[in-house]
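Please read the structure below before turning to the comments.
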Amino acid sequence: MGIQGLAKLIADVAPSAIRENDIKSYFGRKVAIDASMSIYQFLIAVRQGGDVLQNEEGETTSHLMGMFYRTIRMMENGIKPVYIFDGKPPQLKSGELAKRSERRAEAEKQLQQAQEAGAEEEVEKFTKRLVKVTKQHNDECKHLLSLMGIPYLDAPSEAEASCAALAKAGKVYAAATEDMDCLTFGSPVLMRHLTASEAKKLPIQEFHLSRVLQELGLNQEQFVDLCILLGSDYCESVRGIGPKRAVDLIQKHKSIEEIVRRLDPSKYPVPENWLHKEARQLFLEPEVLDPESVELKWSEPNEEELVKFMCGEKQFSEERIRSGVKRLNKSRQGSTQGRLDDFFKVTGSLSSAKRKEPEPKGPAKKKAKTGGAGKFRRGK
């Protein structure tokens, strides 16, 4: 789930924190990708006639096709991906996981009813709701990545938290996921739609945490409290407090404790045994990979082993897989170039689709030229 309504809230109240780019803009960038989120997207999107791709034994292969070709596309555009896989979910997430199980059970009932009624659109909708990333999906994707020469890491807990830690440490330029709580975990830059289907033609969205905090007038701990009020995977929120009201309350009172002291409990009942303090601690000090111990290396693909796995075991076309390997090898030759802004300071500012910031004048203009977007430039 991530954080409910956070993307829209940022677009509404801190639009300069969002930048849209074409994939070509990320040449030379290292990016930490939430693997489970990507695999889920592949299982949803890579389909034939509404059904997931399968081999003759009935094994699902959509995740492998998606991982293979989307990774090649990133490499061809000069992006160096590292995939981060989920570890053990935190105990605080048990309530959210139980709710998901309930929703799956309900979707199974609705799917059966839709099948009996012959309602094709409803069947497709509820089938997608039942999609779940399994250990087998993860293990097969790890094997594929190792054969492709693409690094992956196992997070001790939530993948997006470790993605954020790598970005904070400067090991990568950004964390890539659809879950907005990557910002809550402190990633300086969050990228959305990086692994989305090309057919959707979605521009990649960048969310810059420093601009979010600046425009909202909050520090990181206050931003975490705002996200808890909006609704997260780790504890309940206060019913009746919408996004705009949550922002107003945090800006005025600075913490959940101060807000609760002033709330009318008859209008805004606080959840019983509310675990907001524990959720705050989890966001501020999550269990993550140690960035200093991480060494990222992209190596040559093992063509024959890839053919053996993807064609021999999973029954993909050998011609297509070998063609993909050629593209991958060619992309590796091109990606040895660095980015110009790794050597020269880049000036400018983030643009917003919603609001263009006024051009500074006089001394302010001179100051803006020497500062600009340098604070957003990350050298990895």
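Quick reminder: no glycine exception, Cβ is built from N, Cα and C everywhere.
Here is what Swiss-Prot says about this protein:
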type	residues	note
MOD_RES	ARG19	symmetric dimethylarginine
BINDING	ASP34, ASP86, GLU158, GLU160	Mg(2+) 1 binding site
BINDING	ARG47, ARG70, GLU158, GLY231, ASP233	DNA binding site
MOD_RES	ARG100	symmetric dimethylarginine
MOD_RES	ARG104	symmetric dimethylarginine
REGION	122-253	region 'I-domain'
BINDING	ASP179, ASP181, ASP233	Mg(2+) 2 binding site
MOD_RES	SER187	phosphoserine
MOD_RES	ARG192	symmetric dimethylarginine
MOD_RES	SER197	phosphoserine
MOD_RES	SER255	phosphoserine
MOD_RES	SER293	phosphoserine
MOD_RES	SER335	phosphoserine
REGION	336-344	region 'Interaction with PCNA'
COMPBIAS	363-380	compositional bias 'Basic residues'
To the nearest whole angstrom, what is the C-alpha distance linking ARG192 (symmetric dimethylarginine) and ASP179 (Mg(2+) 2 binding site)? 8
Same chain, |i - j| six or more, Cβ under 8 Å of ASP34 (Mg(2+) 1 binding site); the result in sequence order is ILE84, ALA159, GLU160, CYS163, ALA175, ALA176, THR177, GLU178, ASP179, CYS182
List, in sequence order, the residues of the same chain other than ASP34, ASP86, GLU158, GLU160 whose Cβ lies within 8 Å of the centroid of the Cβ atoms of the recorded Mg(2+) 1 site. SER36, MET37, ILE84, ALA155, ALA159, ALA161, SER162, CYS163, THR177, ASP179
DSSP tally for the region 'I-domain' (122-253), helix/strand/coil in that order, comes to 69 helix, 15 strand, 48 coil
So what's the mean pLDDT when you look at the region 'Interaction with PCNA' (336-344)? 52
Quick one: of the binding-site residues ASP86, GLU158, ASP181, GLY231, ASP233, which has its CA closest to the CA of ARG19 (symmetric dimethylarginine)? ASP181
Here are some modified residues: SER187, SER293. Which one has the most Cβ atoms within 10 Å of its Cβ? SER187
Comparing the Cα of ASP86 (Mg(2+) 1 binding site) with the Cα atoms of the recorded positions ARG70, ASP181, SER255, SER293, the shortest distance belongs to ASP181
Three states by DSSP: which one describes SER255 (phosphoserine)? coil
